[in-house]
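Down below is the structure, laid out as structure tokens.
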Amino acid sequence: MAKPATAPRAASRVVVPSRTGAGATDPGTALTWRRKLQLVLAGLWVLDGLLKLQPFMFTKDFAPMGLGEALDGAPGWLAGPIHWASGIEQRNPISAMVAFALIELAIGFGIAWPRTVKLGLAACMVWVPFLWFFAEGLGGLASGSPSPFGAPGASILYLALAVLLWPVEQDGLSEAARFIGIRRAQALWIVLWGLLAFLAFLPANTAPGTFSDAIAGNVEGAPSGYVWLLDHATRAANGHGQVLGIALGTALVLVALSVLAPWPKAARAGVVLAIVLAALIWVFAQGLGMPFQGMGTDPDTGPLLALVALAYWPARRPASATETIVASAAAEGAAA
Amino acid sequence: MNAPNWLSTLLSIAMIAVACYALARMLIAQGWRRGVDYETDALLLLAGLATAGLISNWARTLPRPGWTVVFVAGGVYLAVRAARVWTDTRARRPLLGGLGCCAVLVYAFTADVAPSAIHGSTAGAYTMAGMPGMIVDQTERFPALGLALVVALAFASVVAVNRAGSMPQIEQGPAIGGPRDGAPVPLSPRSVLLCHVALLLVLAFAILGKIV
């Protein structure tokens, strides 16, 4: 596409920067799977930052309405600090929101720029605990009736992804296991999906109207095609909350246990099921993050759960150091 | 639109700066004997000016139908160029990126993305119009498409930043043969990508500014 202006005498010398642990690549070459996952995480952060710049976020009404959701059923030790943060945000809506947007855009672009991946991920780890506590009320886990549709909160999933996708050179059975090791990666998966399964089986989440109410709550302001889909889903789910709750809980248990399966096919099936469940929860229970009313601050947990699942996609079995040495020795012997 | 005026003004000035930078690149490339991508820089020049007018009334230049025609024509031109070099991935990619940029701008001008004269948020108008601070505004058309474009712009900006950061450093050096011997040295290609990122973010801001 570039067109030469005139034929100059000097030629260019291309200096390729050294690769970082992020798996950064030169333009024109393929990105590593780990780098692609990092870029998706970066994109979600940038999207989060952009959503903070919606008109409603700059009003004094955002704090009581946006942060008010975190107060639903929150105990006193949690509600007090959230009230305090809400008051600060309400008094300074413009400066607070611009600051939030800039921080989240900086985290996203920090991860996207190959040389600052670690800085971006570290900033993510520092920032999300504040969000999780003050803005999400611990994802509703401390409330009286936590739901599998919102728990454990988007922020804590950002934190988990920042750890799982930390730049590293060593091999692993999956991207998730490369930095923290197989055992810890398995434990994290079981805790995450096991927690969702536990919540799905709670009596409050298996009541007849739980699913239909959750779906119907996403209709307002949505485009007509999406409303049509949600209306049909609401009618289908109406009165079947117990069956659907048990089915969802059972599927989540299967996902949680799939990581322990010794067969790669079972592990892959677990990851696929996890992605399907994340998509269903996102589309039907979370309303795609409810962006249609101008009050959505993030795309919710659905995309993040799917991204976590993708990080656990079993890799081809990496060759161990011994196997590599044996193979190279055999090759040298054959050549001799 | 409730975004503070200083933020809209700042972003408009940034877009005009992007346009001026693209114009300067095209003007000085001949004299400096440096290589520039005229298609990309011309698109940045036009898109920068058009986007500035999308978020600030004082930065408006052409009428909306005029800009729409410009970007439809630009999109058709880039689509034809991309089809001709389809097998060459390196040449095709920036053309398709430019085509996407034209598509977003056509959406913005046909869906009434513009600074709102109403002071107050229109958010929640569907359910909470009676609440304090909730003012019903005329919404921009095809808001779901606008939201989808915002998501696409966010991810496109991330990919552009990754490409800018992965770009090899180009240094002036003696001709020592090889395929690039005698080729013009590109004029700061990384800065062009970063201008693209700024453009994508401001377009997303403009769409979100009046989405409800």
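We number each residue from 1, going along the chain as drawn.
Note that Cβ sites are derived from N, Cα and C of the backbone, with glycine treated the same way.
Unlike curated records, TrEMBL annotations are generated automatically.
Residues or ranges marked as transmembrane segment in TrEMBL: B:6-28 (among others). Within its own chain, the transmembrane segment (B:6-28) is flanked in space by residues 34, 36, 38, 41-42, 44-49, 51-53, 55-56, 58-59, 115, 187-188, 191-192, 195, 198-199, 202, 205, 209, which lie at least six positions past its ends and keep a Cβ under 8 Å from the stretch.
As annotated by TrEMBL, transmembrane segment applies to B:40-59 (among others). Note on the transmembrane segment (B:40-59): residues 8-9, 11-13, 15-23, 25-26, 67, 70-71, 74, 78, 94, 98, 101-102, 105, 108-109, 113-115, 192, 195-196, 199, 202-203, 205-206, 209 of its chain, located 6 or more positions outside it, place their CB under 8 angstroms from a CB of the stretch.
Non-local neighbours of the transmembrane segment (B:65-83) in the same chain are 39, 43, 46-47, 50, 53, 92, 95-96, 98-99, 102-103, 105-106, 109-110; each lies 6+ residues outside the stretch with a CB under 8 Å from one of its CB atoms. Here TrEMBL flags B:65-83 (among others) as transmembrane segment.
Here TrEMBL flags B:95-111 (among others) as transmembrane segment. Long-range Cβ contacts of the transmembrane segment (B:95-111) within its own chain (Cβ-Cβ under 8 Å, at least 6 residues beyond either end) map to 39-40, 43, 47, 50-51, 54, 64-65, 67-68, 71-72, 74-75, 78-79, 81-82, 85, 140-142, 145-146, 149, 152-153, 156, 196, 199-200, 203, 206-207.
According to TrEMBL, the transmembrane segment annotation covers B:142-161 (among others).
Here TrEMBL flags B:191-209 (among others) as transmembrane segment. Remote same-chain residues near the transmembrane segment (B:191-209) are listed as 1, 3, 8, 11, 14-15, 18, 21-22, 25, 37, 40-41, 44, 47-48, 51, 54-55, 97, 101, 104-105, 107-108, 113, 115-116, 140, 146-147, 149-150, 153-154, 156-157, 160-161, 163-164, 167 (criterion: CB distance under 8 Å, separation of at least six residues from the stretch ends).
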